[in-house]
Amino acid sequence: MKMKKLLLAMALLMLVSGSRLQAAADRKVLILEIPRLSLADIGPGLPHLHRLVSGGAVGLMTNALPNPLTPEEIYLAFNTGVRARIPADSYRFHDAGETVAGGPAGAVYRSFTGWRVSGANAVNLDIQALLQNEQFAEGSLGHFGRLLHQRRIRTAVIGNIDSDAPRRPAAAALMDATGKVDRGAVGTATLRADPDFPYGIRTDGAAVLSFWRRYHRGAGVTLLTLGDLERLQRFSVYLSEERAAFFRGQVLREYDRLVGAVLDELDPGCEMVMLFCPTPPDRPLVGNERLAPVVIRGPGYGRGILSSGSTRRAGLVTLEDLPKTVLRFVGISGRTGYSGSNLAAVPGDWRRIAALQERLVLNYSVRWPLLTGYGYFLIGIVLAGLMSFIFQQGRHLPAVSWIYLFCLTIPGVFLLEAIWDPVDWSGIIGWTALLMAAVFGGVLFLARADLWRSLSGLSLFTLAVMVADALTNGILELRSFLGYSAIAGARYYGIGNEYLGFFLGAYIMAVSLNLERLGRFRAKLLWVLLGLVTLLIVHPNLGANIGGGVSALLGLGLTTYFWLGRRVRWRELGMLLGGILVVLLMVGLWDLTLNRRVMTHFGQLIMFIKADGWQALIDMAGRKLEMNYALISSSPWTLVLLALLCAGPLLYKFQPPAVAAQFQKYPGPLRGLVGLSWTALIALVVNDSGIVAAATMMVFGVALLLVIASAELAERRSGQTLSEELTIR
């Protein structure tokens, strides 16, 4: 009897698992690639594209690939999960039967590689050159195709973006480690001659539809490229605006008919279509536009907005999310080797995404002039103060200090301004001026026009705004002109390195200037504050900045010892380093257990180390050092900054008499300044753009130096005045 029950249970288990495997096997994915298409193009005049977009989940894809973006880089990143610098036209795909150099491309491929090829394949003739490219880790090329082939899922690629030369980068997305795609129609068979169209060729919709019907049933993942908008973009310098608009409308109407025919033949119960527009249309007036529309429609992806754990922002997805989502849909999950997240659909109106794209692009276009203008203006103020000190005995130094403190409102003001999110210059100037005046006026009133108390008040204001934003996982920093941008694709939530520096600098100044008010519980309170600040910065659901947390715990830990007048020996360093290990352990456990869908970069790093060994950590460290070196070497001002950072600890260790006298006079502030220098140096080392955090941290350090210099000047003048009065008497 027991044996019968056991056999029955095994049979039921096999039946259930078999049905699941069959369901996964029946699932198919169509990736519909239309380069240079934007959401603004899609309206009721294109009924089939409108049906696809309005009935699916819509998002904007960002990526961290460097400018200029090329389709070759995008599709290799899709395939490999590796960001590599690949120039345009760097690899050649052909149908195996297509004529190349007087013979079939398949024969040329076989002569290059020695690998077998079938007549239906599409082949990469430059696969050996890519395999020898040091940017790709061993085994990364062909990763996506290899995962599909391990599950016996076939691939197919149809279409191209040929112009005056063959160009078929989309095939790289689905290729395996040998540079092959199972079924290919990437050659001229998908084109028709049209002497009136740019380059004399255009997509043959009937041929594309025929190939799709032929390959669709046998392929689990099919990529269909419609390349006329890309051809039109490349030819646009020779066209008037009216002629370009005419051709664009013509192409979109033809695309719409083709998409309608394809959608009518898809099975909505088991097939997913992903509309993927890897390169957006160029718009010179707003600079480099990098956001690309993505639409997914199929089981689990109804009408709404795409949500990604990688960005934690509804409507924003990353390039790495796409291959992971496709693989999961066809039944491949677990450790796929991609750092992205599986996409989900949440309720929302797709037209909101079109509006979001416009605002993000405009926000990004004004960031650089605001950021550089703010930085150079601060440098100009400091230089003016130095000139006044050298040539005019500091006559204008107090005025310079007040102007600098007025500009110190900017970090907090730009965060508050993100609530209204102005993107036109009149709105930006108006809101900035209004908020700066309100904040500075309030601080000035409460501080009774005292420089010391004003610096303290501005530091506390910056801290308050940043703490509030960190508690919402950085919802304002994404839109702040001094924060990170979704278009750049480096960070989407938490505390970025720019505001990390402002936060740590403001904290050190606030504590340094109010140290005497902490009373007899000073030591305990300082250590509690250190723990809270570190937790706020490092927690995956708050600041989510591991490098920032390490900088805070180690840098502010040293600063706390300085404030308390304690020597820092090996024992103290060991305690701080032990604290860092505890923090890393806690963050890792939180990510791996409670945050699996919205895992931070640190959690993903742990997963990669587990899968690939310590080489993943070495590669990450190498990338951070490379980025820091590029940023440090980009401007001579960074060398000045490094010299200033090193000067603080050296003057503290080897104090000349004049410096020692100042430390006796201003013990809390100057010890804090030394701690700020150490914290900035640590942030420089442990963050991938640490020089940025160090620079923004020193914004508050320079403010303290100006205030001290103004106080010394005022004291000297009051002493001179008293001496003159005594002489007269």
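Just so it is clear, glycine is given a Cβ too, placed from its N, Cα and C backbone atoms.
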Matching 259-275, 548-564 to TrEMBL annotations, transmembrane segment lands on 548-564
When only pairs 6 or more apart in sequence are counted, do the transmembrane segment (458-476) and the transmembrane segment (666-685) reach 3 or more Cβ pairs under 8 Å? no
Ranked first among 368-390, 426-446, 525-542, 548-564, 691-711 for CB pairs under 8 angstroms with the transmembrane segment (573-590): 548-564
Checking distant contacts: for the transmembrane segment (548-564), what same-chain residues at least six beyond its ends satisfy Cβ-Cβ under 8 A? 495, 497, 500, 504, 507-508, 511-512, 515, 522-523, 526-527, 530, 533-534, 537-538, 572, 576-577, 579-580, 583, 587, 652, 668, 671-672, 674-676, 678-680, 682-683, 686-687, 693
